Amino acid sequence: MLDAFSRVISNADAKAAYVGGSDLQALRTFISDGNKRLDAVNYIVSNSSCIVSDAISGMICENPGLITPGGNCYTNRRMAACLRDGEIILRYISYALLAGDSSVLEDRCLNGLKETYIALGVPTNSTVRAVSIMKAAVGAFISNTASQRKGEVIEGDCSALAAEIASYCDRISAAVS
């Protein structure tokens, strides 16, 4: 995983060139938006339990068979595993947002996730639905449209951060589909 600075330096070094022009402008933008990024990560962290439990509850409401005998969320152990997986996925989304780089998702979260879920008999469509609910919830928190919030409102336009988070969620959904 490379942060924005390491990525720029690595690219410039590979070209045997100085860092300048558009690379410096991109870093300036990254720095100026840094407080928004930190606030967004803080909102995810502060509301993670609610975001994940709402996503899993929503997934189950749409597919009640998941909590019937034989369903993938039936028994406390399986429900706990489902909630744990949701927390892990959301945690890696927050890491990617903090770094401004999605490679942490590929390297540490998505690599082999689909195969593991298939081997365990986890319905991938339910996973995709839970991720889409998390995407909507996180987007609402970041863009200040969530009805219940913990903390202050992020100042300024955060649509770029909301779009970035949406792209991470879409990447996760595509990886497990």
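For all residues, glycine too, the Cβ spot is worked out from N, Cα and C.
Keep in mind it's a predicted model, so treat the numbers as computed, not measured.
Just one residue in ASN72, ASN111 has N4-methylasparagine written against it in Swiss-Prot, and it is ASN72. Within 8 Å of the centroid defined by the CB atoms of ASN72, ARG77, ARG78, CYS82, ARG84, ASP85, the record's (2R,3E)-phycoerythrobilin 1 site, lie the Cβ atoms of CYS73, MET79, ALA80, ALA81, LEU83, excluding the listed residues themselves. According to DSSP, CYS158 ((2R,3E)-phycoerythrobilin 2 binding site) sits in a coil region rather than a helix or strand. When the binding-site residues ASP39, ARG77, ARG84 are compared by Cα distance to ASP54 (phycourobilin binding site), the shortest distance belongs to ARG84.
Using a 10 Å Cα-Cα cut-off from CYS50 (phycourobilin binding site), none of the binding-site residues among ARG77, CYS82, ARG84, CYS158 qualify. Within the same chain, residues at least six positions away from ARG78 ((2R,3E)-phycoerythrobilin 1 binding site) with a Cβ under 8 Å of its Cβ are ASN72.
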